[in-house]
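**Q** Below is a structure I'd like to ask you about.
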Amino acid sequence: MESKRSSSSPLLILITTIMIIFIISGPKSVDADCKHPVGPYTDSCFTDCVSGKYGYNYESAFCSRDETGTCKICCCELINE
């Protein structure tokens, strides 16, 4: 008795491959509005913002990214602004 091997449809394989590539590469995210850019991004961006280095005790910080996803600008922020 010969067993037939089930073959996946080429379309299913193509869709799965595209989904895997999308998940690995990640979607291009749009950064939040940077209302308080304070300079180039550094590892101490968050600490500098919340410690008052820039003249105000901000509540949080994030980096604004370029089109390649690299952090470029340190953005301090007030949560309820």
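Here the Cβ of each residue, glycine as well, is placed from N, Cα and C on the backbone.
Pulled from Swiss-Prot, these are the listed features:
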SIGNAL    1-32  signal peptide
DISULFID  Cys34-Cys63  disulfide bond
DISULFID  Cys45-Cys74  disulfide bond
DISULFID  Cys49-Cys76  disulfide bond
**Q** Return only the integer: C-alpha distance in Å from Cys74 (disulfide bond) to Cys63 (disulfide bond).
**A** 5
**Q** Expressed to the nearest Å, what is the distance separating Cys63 (disulfide bond) and Cys45 (disulfide bond) at their Cα atoms?
**A** 8
**Q** Cα-Cα separation of Cys45 (disulfide bond) and Cys76 (disulfide bond), in Å?
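**A** Each residue's Cα considered, Cys45 (disulfide bond) and Cys76 (disulfide bond) end up 8 Å apart.
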**Q** Enumerate same-chain residues with a sequence separation of six or more from Cys49 (disulfide bond) and a Cβ-Cβ distance below 8 A; give 'none' if the list is empty.
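**A** Same-chain residues close to Cys49 (disulfide bond) (Cβ under 8 Å, separated by 6 or more) are Val38, Tyr58, Ser60, Ala61, Cys74, Cys76, Glu77.
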**Q** Can you tell me how many other Cβ atoms are located within 10 Å of the Cβ belonging to Cys45 (disulfide bond)?
**A** 20
**Q** Taking the Cβ of Cys76 (disulfide bond) as centre, how many other Cβ atoms lie within 10 Å?
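**A** Looking across every protein chain shown, the total is 24.
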